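Engineer: To start, I am sharing the structure in question, which I have written as C-alpha cells.
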Amino acid sequence: MPPLRTLLTEARERLRAAGVPSPEADARALVLHALGLTGAALLTRAEEVVPEADAARLRALVERRAARVPLQHLLGEVEWGGVRLRTDTRALVPRPETEWLLHLALVALRGVPAPRVLDVGTGTGALALGLKAARPDASVTATDLSPEALALARENAALNGLDVAFASGSLLAGLPGPFDLVLSNPPYLPDGDRAEADPEVRYDPDLALYAGPDGLDVARPLAAQAGAALAPGGLLLLELDPRNAPTLAGDLRAQGWEAEVLPDLTGRERFVRASPPPPGVSPAQESGAAG
C-alpha cells in the first residue's frame with residue numbers, strides 16, 4: 001500500500017506528462033477529493049499508507065484528468081461566487097474570470113432596493129445564484145436556450161436553497177421586463193477558435209462557446225433586446241472576449257448608448273457595461289448633447 005506522499009507525487013507527475021496546465025494544483029485537488037481529506041492532511045498524514053482501493057480510485061481520476069476531462073467535472077461540485085455548483089457536460093464550466101462579472105453586478109446594484117435582475121444564458125446558474133446569494137432581496141430570473149443547462153441550473157438552485165425563477169427560451173424572448181440589470185456571459189468566441197481550443201473545451205457545449213465570425217452573433221441581438229427591457233437607469237453587463245468587447249461597446253455608442261469596456265483582474269478588456277439612451281432619443285441627439 002503506497003503512502004500518501006507517493007500518491008501525490010505520482011499524480012502530479014502523471015498530469016505534468018499529459019500536459020495538464022496546472023499539475024500540482026490539480027493533483028492536490030484530486031487527492032483530497034478521492035481520499036476525502038482536508039488540505040492539512042497532505043502535510044500531517046503524508047507518510048500514512050493508503051488502502052489499495054482508495055489508491056485505485058485516485059489513479060482512475062488522475063487518468064481521466066490526464067485525458068483532459070475538466071477537473072470540475074471530476075470533482076462534481078465547485079465553489080464559485082459564494083455558492084456550490086454541480087458541473088457536468090450539460091453546461092459551460094464557470095470560469096474564475098466570470099466571478100468579476102458578478103462583482104461588477106453587485107457594485108452596480110448598490111443602493112438599488114429589491115432590484116430586478118435577468119441572467120441571460122445562465123448555464124449552471126452561476127451568475128444568477130451568486131447574485132441571489134449576495135442580494136436576497138433581488139428578484140432574479142435566469143434563462144437559457146438549452147433544456148439540459150436549465151435542468152442543471154435548477155439543481156444548483158436547490159443545492160443552495162435559493163429562489164430563482166427559470167425560463168426556457170432564446171435571449172429575452174417572452175421576458176419584457178422591466179429589469180434594473182441584465183447580465184450575461186454569452187457565447188463570445190469566434191468560430192475560428194475551434195481549431196485551437198484547449199482539450200478541456202471539448203466537454204463544454206458548443207452552444208455556450210462560439211458565436212459567429214467575430215464572436216458577437218449572440219451579444220448583438222442580446223444588447224438590442226436588453227435595450228427595450230431595461231428600466232430607466234437600468235444597466236447591461238456582459239462578459240466578452242478582449243478581441244471583441246471594444247467592438248460591441250463601439251457599436252452601442254454609435255446607437256446612442258453609454259458604453260464602456262472594463263478590464264478583468266489581469267487587465268484584459270473583457271467586460272462591457274452599458275446603458276441605453278432614453279426612449280425617443282436618437283443617436284444624433286445623443287451626439288449633439290455630448291457636444
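Every residue, even glycine, has its Cβ placed from backbone N, Cα and C.
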Engineer: According to TrEMBL, region 'Disordered' applies to one of these ranges: 172-195, 268-291. Which one is it?
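Structural biologist: Range annotated as region 'Disordered' by TrEMBL: 268-291.
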Engineer: Select one of ASP137, ASP144, ASP198: the residue that TrEMBL places in the S-adenosyl-L-methionine site alongside GLY121, THR122, GLY123, THR124, GLY125, ASN185.
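Structural biologist: Checking ASP137, ASP144, ASP198 against TrEMBL: the S-adenosyl-L-methionine site match is ASP144.
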Engineer: So around the substrate site, ASN185, PRO186, PRO187, TYR188 aside, which residues have their CB within 8 A of the centroid of those CB atoms?
Structural biologist: GLY121, SER184, LEU189, ALA208, LEU209, ALA211, VAL218, ALA219, LEU238, GLU239, LEU240
Engineer: Across the listed S-adenosyl-L-methionine-binding residues, GLY121, THR122, GLY123, THR124, GLY125, ASP144, ASN185, what is the farthest Cα to Cα distance, given in whole Å?
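Structural biologist: Taking every pair of listed residues, the largest Cα separation comes to 11 Å.
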Engineer: At the level of the C-alpha atoms, what whole-angstrom distance separates ASP144 (S-adenosyl-L-methionine binding site) and PRO186 (substrate binding site)?
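Structural biologist: That separation, Cα to Cα, works out to 10 Å.
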Engineer: Compared by Cα position, which of the binding-site residues GLY121, GLY123, THR124, GLY125 is the closest one to PRO186 (substrate binding site)?
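Structural biologist: It is GLY121, whose Cα lies nearest.
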